[in-house]
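This report concerns only the one structure given below.
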Amino acid sequence: MSRHNSSTLFDVEDSATQPLAFQDFGSGTIASDVPSGRLSPSRGSRSGNVGGGGASAPSNLYEAEQRFEQTLNGATKPGGVLNLDFYTGYFDVDTVTVLTRGAKTFLPREDYVGEVLLGVPDLYGPFWIPTTLIFSLFLISSLSASVEAYLAGEQYTYDFTRLGAAVSLVYMYCLGLPFIIWGALKYWAGSTERSAVEVVSLYGYQATIWIWLTLIPYSPLRAVLVLIATALSGAFLLHNLYPVITTAPNVSSRVLLIVIAVLHLVLAIAMWVGFLAGGRGVLHTPQVPSIPGTGGEKTPSAGSDLPRPGGDGISRLLF
C-alpha cells in the first residue's frame with residue numbers, strides 16, 4: 001500500500017460566528033447634490049487639510065466648472081440650435097461681468113478669449129452694447145441736427161432714417177460680420193480655434209469705446225477721439241485674431257487681416273460722416289421749398305427772429 005501525504009492548500013480560519021453578509025459603508029463622503037454616475041468630494045471635505053497641512057482649499061474650487069456647465073445647459077435641450085433654450089446659457093451673465101469685459105477692450109494686452117472671457121463667451125454684452133451704440137448715434141446726430149435747424153431758423157422734425165441707418169450699420173458690423181469672419185476662419189483658413197460666439201463677443205465688446213465717444217459734445221475733440229477709438233478697437237480685433245489667422249493651415253487666408261482692418265476703417269468713416277461729424281450730416285433730408293401762392297408758404301417758427309450768436313459754426317463746434 002502506498003502512503004498518501006495530505007497537503008494544506010488554504011489555511012482559512014474557521015469562524016462560524018461571522019456569517020457572510022452585505023455591509024453598509026455609508027455615503028457621508030459623497031455630496032448630496034452630485035449627479036448620478038459622478039463622484040466628487042463633499043462640500044464639507046473641500047475645506048479640509050491637504051497633505052496633512054493646515055491650509056484649506058479655496059471655496060471656489062469648482063467655480064469654473066460650474067460656470068461652464070451653466071453655459072452649456074441650453075445645449076442639452078431638445079431641438080438644438082432651433083430651440084430658444086439653447087441660447088439661455090449665453091445670456092446668463094451679470095452686469096458687472098459685462099462692464100468688466102467691455103472695459104478690458106480699451107487696452108488690448110492679454111488674450112481676450114482665454115483670460116477675460118475665460119473660455120465662456122456670452123451674447124448678452126455683444127447684443128446690448130451695439131444696441132446702446134445705435135441709440136447713442138441717433139441721439140447725438142438728432143441733437144446736432146436740431147441745433148443746426150434752430151440756428152438756421154428752420155423747424156426741425158425728427159428724421160428716423162438716421163435710426164434705420166444706425167441699426168443697419170452697427171448690427172451688420174457687430175453681429176453680421178463676425179459670422180462671415182468665423183466662416184472664413186473655419187472653411188477657408190482651416191482653423192477651429194475660435195467659435196462663432198467667441199468672434200461675436202470680440203466684435204460686440206469692441207464697440208464699447210464708441211459709446212463713450214458719443215458723449216463728448218465738442219466736435220473738434222470728438223474728431224481726435226474718433227482716431228484714437230479707431231486705432232484702439234482695431235488693434236483689439238487684430239491682437240486677438242492675428243495669432244489664429246497666422247497659425248492657420250491655409251497661408252493665403254492671412255489676407256483676412258487686411259480685410260478686417262479695412263472694414264474697421266470703413267466703419268469708423270461711416271460713423272464719423274453720418275453721425276459724429278456735427279451739423280446735419282450727410283443723412284439730412286432737405287425740405288422741399290413751397291411754391292408761393294399755393295398755400296404752402298413757410299410759417300416762421302417761434303424764436304426764428306431772434307439773433308443767433310456765433311452763426312451756424314457754433315453747432316458744428318458743440319455738436
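Just so it is clear, glycine is given a Cβ too, placed from its N, Cα and C backbone atoms.
Listed in TrEMBL:
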type	residues	note
COMPBIAS	35-48	compositional bias 'Low complexity'
DOMAIN	121-268	domain 'Yip1'
REGION	28-56	region 'Disordered'
REGION	288-319	region 'Disordered'
TRANSMEM	127-151	transmembrane segment
TRANSMEM	163-184	transmembrane segment
TRANSMEM	196-216	transmembrane segment
TRANSMEM	223-242	transmembrane segment
TRANSMEM	254-277	transmembrane segment
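Across the domain 'Yip1' (121-268), DSSP helix (H, G, I), strand (E, B) and coil residues number 117 helix, 0 strand, 31 coil. Mean pLDDT, taken over the domain 'Yip1' (121-268), works out to 92 on the 0 to 100 scale.
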